[in-house]
Amino acid sequence: MPEKIRGICGSLLIALGVTQLYSFVSAVIGYFSAEKNSFTFVWNYWMLLLFGLALFIAGFLFIKREKFRLASIIVVSGFVLFQAFSVYYYQLRIFAKLEYAQPFEWSGTLLVIEGLLLLITIIIGPKFAKKEPGADETWKNKWRYAAGLFALLGAVTAIFAAVTIFKQLHSDSIKQGYLFTTSLDGYFACFVAVIFLIVTVLAWRKVSLLFIGILMGAAFILLTNYLSVTNWIDFAKENLSITFGSNERQVFGMQFLMGTSAFLSSVFAYIAKK
């Protein structure tokens, strides 16, 4: 299997792992933040932790050694089955019983699709032609610099988003309060800012598939969260007569910019990988 293809697949395994670990942390915070007996910590939350760690570790090992290809196939296969079951049992089955349509949560479906595509790539990976030794790859440097530039843009946006969120959450103004944004969004913005800065620094010398994988996972989280929130905003306006302040819309915009920057930086880094 070509080293570059193997490295990108391993990096995407890490990205999938990051999405599951984020969902687990979100569930834990929701459990401890909720009122007594109002939040049930069901079994599939523990599966999020299990698959998050398994995907992250499998991805890291697969980047290093091709002998972990079979283990990666097994982990991704289990992950796809788990996600497909979750989409059916916790979404499609319930939505079929609702009297009126609610916004569909696309993140699970997109994870199934991404997992399937990644599984197919890992399986057929050995059929890809390996690059010729000694080939000129200096043209890839510009893509690496572009990855660093978008990472820098994302870092600035993430820092500004974190400051904005925490400033508002500690404000006494009820009028400007948030309905969707929580402290987790602020802490996640801080985490993403650190990853952005690391990628920015490393981009001038090399591509780190580990950090790019984390960044790609963050991109998926941010963009799917943005899609979900905007769908719920439209639903709330039409059915519940709820309006949202411009301050929270500003946060949504920054999260979209962060997600887009993370995605583009990751794609450019994959292109630049030698």
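Cβ from N, Cα, C; glycine included.
Feature annotation from TrEMBL assigns transmembrane segment to 12-33 (among others). Remote same-chain residues near the transmembrane segment (12-33) are listed as 39, 41, 45, 48-49, 51-60, 62, 72, 75-76, 79, 107, 111, 114-115, 118, 182-184, 188, 209-210, 213-214, 216-218, 220-221, 266 (criterion: CB distance under 8 Å, separation of at least six residues from the stretch ends).
With a cut-off of 8 Å between Cβ atoms, the residues of this chain six or more beyond the transmembrane segment (45-63) that come close are 6-7, 9-21, 23-24, 27-28, 69, 71-72, 75-76, 78-79, 82, 209-210, 213. Annotation source TrEMBL lists transmembrane segment at 45-63 (among others).
Sequence-distant neighbours of the transmembrane segment (70-92) (same chain, 6+ residues past either end, Cβ-Cβ under 8 Å): 9-10, 13, 16, 20, 44, 47, 51, 54-55, 58-59, 61-62, 104-105, 108-109, 111-112, 115-116, 118-119, 122-123. TrEMBL lists 70-92 (among others) with the feature transmembrane segment.
If one looks beyond the transmembrane segment (104-124) by at least 6 residues along the same chain, the residues whose Cβ comes under 8 Å of a Cβ in the stretch are 5, 9, 12-13, 16, 19, 69, 72-73, 76-77, 79-80, 83-84, 86-87, 90-91, 95, 220, 224-225, 227-228, 231. Residues annotated as transmembrane segment in TrEMBL: 104-124 (among others).
The annotation transmembrane segment is assigned in TrEMBL to 145-166 (among others).
Marked as transmembrane segment by TrEMBL: 186-204 (among others).
TrEMBL lists 209-233 (among others) with the feature transmembrane segment.
Annotation source TrEMBL lists transmembrane segment at 253-272 (among others).
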Margin query: For the transmembrane segment (253-272), give me same-chain residues lying six or more residues beyond its boundaries with a C-beta closer than 8 angstroms to one of its C-beta atoms, as numbers and ranges.
Written below: 8, 11, 15, 140-141, 143-144, 146-148, 150-151, 153-154, 157-158, 160-161, 164, 185, 189, 192, 196, 199, 203, 207, 212, 215-216, 218-223, 225-226
Next item on the list: Please give the sequence-distant neighbours of the transmembrane segment (145-166): residues at least 6 beyond its ends with Cβ less than 8 Å from one of its Cβ atoms.
Entry: 178, 181, 183, 185-187, 189-190, 192-193, 196-197, 199-200, 202-204, 207, 212, 215, 247, 250-251, 254-255, 257-258, 261-262, 264-266, 268-269, 272
